[in-house]
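Feature annotations, courtesy of TrEMBL:
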type     : residues : note
ACT_SITE : Asp183   : active site, nucleophile
ACT_SITE : Tyr317   : active site, proton donor
ACT_SITE : His380   : active site, proton acceptor
DOMAIN   : 6-115    : domain 'Epoxide hydrolase N-terminal'
Amino acid sequence: MSTEVPFKISIPDTQLELLRKKLDLITFPDELEDAGSRYGVPLADIKRLVARWKDGFNWRVEEAKLNEEMPQFTREIEVSDGHGTLNVHYVHKRSEVDGAVPLLFVHGWPGSFIESRKILPLLTESSRDGDFPSFHVVALSLPGFGFSEAPKKSGFTPDYHAEVGHKLMLSLGYNEYVTQGGDWGYITRKIAMKYGGTHSKAWHTNMSMGFPPLNPLSHPILFLQWMLTPYSEPEKAGFARWKQFQKEENGYYILQCNKPQTVGYALADSPVGLLGWIYEGLVNWTDEYPWTDDEVLTWISIYLFSRAGPTAPFRIYYEAQHSKDSGFISLTGGNPKIPMGVSRFPKDMVVAPMSWIKTTGNVVFAGDHTSVGTNKGGGHFAAYEKPEALVEDLRNMFGRGGPAFGITSKKGGYFEK
């Protein structure tokens, strides 16, 4: 096994100076008087953010905060089928509880390891009174994202990303672990399929995907429930949101699936182009989350200053679309047998009914934040938008009395008494 190397973010001054020069040379497009956000990101938003980026935003301050709050490391991971060795970046924070539950967190796009920033202290927190379980947390930077090395050749499908996450956990000594993720973090389903039972003991996702249980032979009970139970109002709202997303928000996905290199030229060269491309998702895929300008610029800067550049993360879309699975995250090939948990948030891009979700795995826990009147809310970036709600669900799933308690250790994340 390779050794763990401590890592600190330290962007060269030359890159910061180049950014300033490019911001000084920006040419803004025109905008229709009544455009609003119907045509894309409003010009006023971009001008405000660019002004802050030029005069006010301090990357060195944000860089220092990330280094202080998030213990970071790199490690060499050997990938199968000739993909060679990749130097992988990750956050690793252990709980003071020896028997804490090892948890692999996997981000998506346009997120990064920063998505784990708020849940990290909550999950690793411990309770002497046994009020809740504690976790050892590993937050992987997917190959090509953040400060992980990018794949060197084509064909690096989500299966290989899953392999990297699994091998990382083993290299850290976590022979048994659980996982959590949404968006591309749904590769944890592949981890559950490939390594479930022996190593991956349970998985939790906030990506509530699924298909209707049309086959009464494979899902007889779900089929009857689906036929006899009308959809709830939140589920109807979820269908409407998915329809709206497919009609109005899906352009990025088509481009990144089909021509990632072409769109990459623009976004690798133009910081403002990259800002507009990502900012739109941050706003539209959240539940009115109150982004500060500095938060937005920090998320964008991680992509701009990433090890492989902002084009590399797009390629996972192409590889998934053109693989044998042919899709974002394939739900074909059978289901994982290990326990599955799901948390539904109302403003995610996909909010499937529970009867659909249960066709994708062995669902033992469901955290529902979609009901009218709960006032919980939340969208696509649950770990960042609603960290307390997501952590509460994980504690309820893996804590005492939960359906997955003790699945990696008899201590189950608690101090011994």
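Numbers run from 1 along the shown chain.
Just so you know, glycine gets a Cβ as well, placed from its N, Cα and C.
All TrEMBL annotations are machine predictions without curation.
A map of TrEMBL features onto the structure.
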{"residue": "Asp183", "record": "active site, nucleophile", "Cβ within 10 Å": "25"}
{"residue": "Tyr317", "record": "active site, proton donor", "Cβ within 10 Å": "20"}
{"residue": "His380", "record": "active site, proton acceptor", "Cβ within 10 Å": "25"}
Whole-number Å value for how far His380 (active site, proton acceptor) lies from Tyr317 (active site, proton donor) (Cα to Cα)
17
In the domain 'Epoxide hydrolase N-terminal' (6-115), averaged pLDDT is 97
